[in-house]
Amino acid sequence: MSYSRVLLKLSGEALMGSKPYGIDPEIVQSIAQDVSKVVQEGTQLAIVVGGGNIFRGLKGSSAGMDRATADYVGMLATVMNAITLQDGLERAGVETRVQTAIEMQQIAEPYIRRRAIRHLEKGRVVVFGGGCGNPFFTTDTTSALRAAEINADVIFKATKVDGVYNQDPKEYPEAIKYESLTFQEVLSKEIAVMDSTAIALCKDNKIPIVVFNIFQPGNINKAVAGEKIGSRISNSG
């Protein structure tokens, strides 16, 4: 099966590439080229981007910052990534709009659900920045929320690994990859795919998740076409 409307979740770490911090312009351009091909084929695409390559709220709070304050700083980091991604996409010929959950009128549109859907219908990519606008919620939860709001067929979680494993494959070469899982299995086994709030939202709204390696060129296209890559999580597995 192929998908007509997709929510792509990009972690901030994915934008780092092999760098220890910040944004790798080559990675941004590679992602932009893949997105361009998908959009040209008629798929509607929205993106939620994280901010962990610049600042992570949980780390800030563990270092003594007030948790809500740290989360707001993390939200600003996601906006920086969103604007950078917009620049890369538009240089690749993809008409793009950034919408933020916290109003920043000089640099982005405020998040308005109906406007976001209208942009998608016109063939524009919509990049959501600022998380969901509230502290204590991750960008994974934002992905599940926005996917439900825009009636996305699926969430693509683009990561540094080629799927979901029972252990970290970088530390444990013998780690076993899951081809498919149910939401209930992810919750009961506490498998680290997304936080439990995000998984529960996807479960309740019947939005499948496909986890795959973003650094493999063409993987976004393959996932949109319904090819079997990475790991799939759904109500039925």
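Note: Cβ is positioned from N, Cα and C throughout, glycine not excepted.
Record check: Swiss-Prot places D71, C132, G133, N134, P135, F136, F137, T138, T139 at the UMP site, and the matching candidate among G51, G88, G93, G163 is G51. Between the two most distant C-alpha atoms of the annotated ATP binders (K9, L10, S11, G12, G52, R56, T159, Y165, D168) there are 23 Å.
Residues G51, D71, C132, G133, N134, P135, F136, F137, T138, T139, recorded as binding UMP, reach a greatest CA to CA spacing of 15 Å.
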